[in-house]
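Per TrEMBL, the features are as follows:
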| type | residues | note |
| --- | --- | --- |
| DOMAIN | 84-239 | domain 'Sodium/calcium exchanger membrane region' |
| DOMAIN | 274-415 | domain 'Sodium/calcium exchanger membrane region' |
| TRANSMEM | 55-78 | transmembrane segment |
| TRANSMEM | 84-102 | transmembrane segment |
| TRANSMEM | 114-136 | transmembrane segment |
| TRANSMEM | 148-172 | transmembrane segment |
| TRANSMEM | 184-206 | transmembrane segment |
| TRANSMEM | 218-237 | transmembrane segment |
| TRANSMEM | 273-292 | transmembrane segment |
| TRANSMEM | 304-330 | transmembrane segment |
| TRANSMEM | 337-364 | transmembrane segment |
| TRANSMEM | 370-391 | transmembrane segment |
| TRANSMEM | 398-417 | transmembrane segment |
Amino acid sequence: MGSVNELEHKSLFRQEEDAAQTKEVSLMEQGSLSTSFAQHTPKAPKNTMLNSIKIVIFCNKLNLLLPFGPLAILVHYMIDSKGWVFLLTLVGITPLAERLGYATEQLACYTGPTVGGLLNATFGNVTELIISIFALKNGMIRVVQLTLLGSILSNMLLVLGCAFFCGGLVFYQKDQVFDKGTATVNSGLLLMAVMGILFPAVLHYTHSEVHAGSSELALSRFSSCIMLIAYAAYLFFQLKSQSNSYSPLDEETNQNEETSAEDEDPEISKWEAIIWLSILTAWVSLLSGYLVDAIEGASVSWNIPIAFISVILLPIVGNAAEHAGAIMFAMKDKLDLSLGVAIGSSIQISMFAVPFCVVIGWMMGQQMDLNFQLFETAMLFITVIVVAFFLQEGTSNYFKGLMLILCYLIVAASFFVHEDPQQDGI
């Protein structure tokens, strides 16, 4: 009887193994489980130092702007013209922001999707974070708030609008389609960020604090911790729970995935990417110090409000890589990737960078809070509502893109004539 039971157990185990194998084969045939994803491993190139410098520095035309960074430092010590230092530093940081995105993508090829997503979350907006940390160190809390706000507005209106507009011009005979469910989740996260920023402002302007002067700051720090937890849960949800939603559905898309996997082999090795990330981050940090010091002088010499410089000019530099990437994906009819770049970057700033700066300011002893003032908070709220309405249909065309670009021009004009009432925090 014991031998009979053993034979029955073995036969059951064999049936389960056979069923699992046939299920795996059927999934591979349907495209739900891509064989190329499991078998494709990145081939690390063996580059010399000169080849690595050639790939990272000399193969990109935007790097022609790199000499403006050292030139800004020379102007700072020789002429001490704040306006020229700010302009040259702004131009010099632009290619560095793009190369940071490139090095992060190269490193993500070796780390897998989970760590790669965390790397993109960390380094995707590292330029804005570095500028914000330097401004926090100098006690320029309003510059931090306005720069981060401007990055959110720029990504949602300018970057997404240009992507819709350029993609709509290329495919003018049809409406481009993107995943409506993912867009709805992203809109919900942006509304949650607005909630976290709105309530401290409402608490301040209604004068309903339990402890005047401290309840607003305590609410901001508590909300920041909650927003960081929500962003971590969002990353886990995207990278783990919803990984099947990004799998190809038929043989044609499966073949496209195989060819794209072969085409997306890294150009530099893992350690080269780490070294270049360190060098570029250090160079951005150095230039950011000169940039932050020259903001007030540039505002005086150019007769431009600091709010306009922080909300409009600084984010354009930090979003250079996102701008180019979103347009390129849209012109290839890959709207989901364009949304991932534009809206995903807005989520990173609003749900990660803003609360992160509040926590860092807490550690530095700076009273950084989520009260962005009434004008700026209303601007953010209306922008999120407008973008959510444009995304609800799951389609895009050049007209929608043009409307978003025109909305951004209205925002830029509003900040050009807006005088920040809180000058002591700058």
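Counting starts with 1 at the first residue shown.
Note: Cβ is positioned from N, Cα and C throughout, glycine not excepted.
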Notebook entry, point to check: What residues in the same chain, six or more past the boundaries of the transmembrane segment (184-206), come closer than 8 Å to it by Cβ-Cβ distance?
Noted result: 156, 215-216, 219-220, 223-224, 226-227, 230, 234, 339, 343-344, 346-347, 350-351, 354-355, 369-374, 377, 380-381, 384, 387-388, 391-392
Next item on the list: Could you name the stretch, out of 84-102, 148-172, 304-330, 337-364, 398-417, with the greatest number of CB pairs under 8 A to the transmembrane segment (218-237)?
Entry: 337-364
Margin query: Let me check one thing: do the transmembrane segment (148-172) and the transmembrane segment (304-330) come into contact, meaning three or more Cβ pairs under 8 Å with sequence separation of at least 6?
Written below: yes
Item checked: the transmembrane segment (398-417) in contact with the transmembrane segment (304-330), cutoff 8 A, at least 3 CB pairs, sep 6+ -> yes
Notebook entry, point to check: Which stretch from 55-78, 84-102, 370-391 shares the most C-beta pairs under 8 Å with the transmembrane segment (304-330)?
Noted result: 84-102
Checklist line | Same-chain residues near the transmembrane segment (84-102), Cβ under 8 Å, at least 6 residues beyond its ends | finding: 56, 60, 62-72, 75-76, 123-124, 126-127, 276-277, 280-281, 283-284, 287-288, 290-291, 293-295, 297-298, 309, 313-314, 317-322, 324-325
Note to self: What residues elsewhere in the chain lie close to the transmembrane segment (55-78), defined as a C-beta under 8 angstroms and at least 6 residues from its ends?
What the structure shows: 47, 84-85, 88-89, 91-96, 98-99, 102-103, 267-268, 276, 283, 287, 290, 294, 320
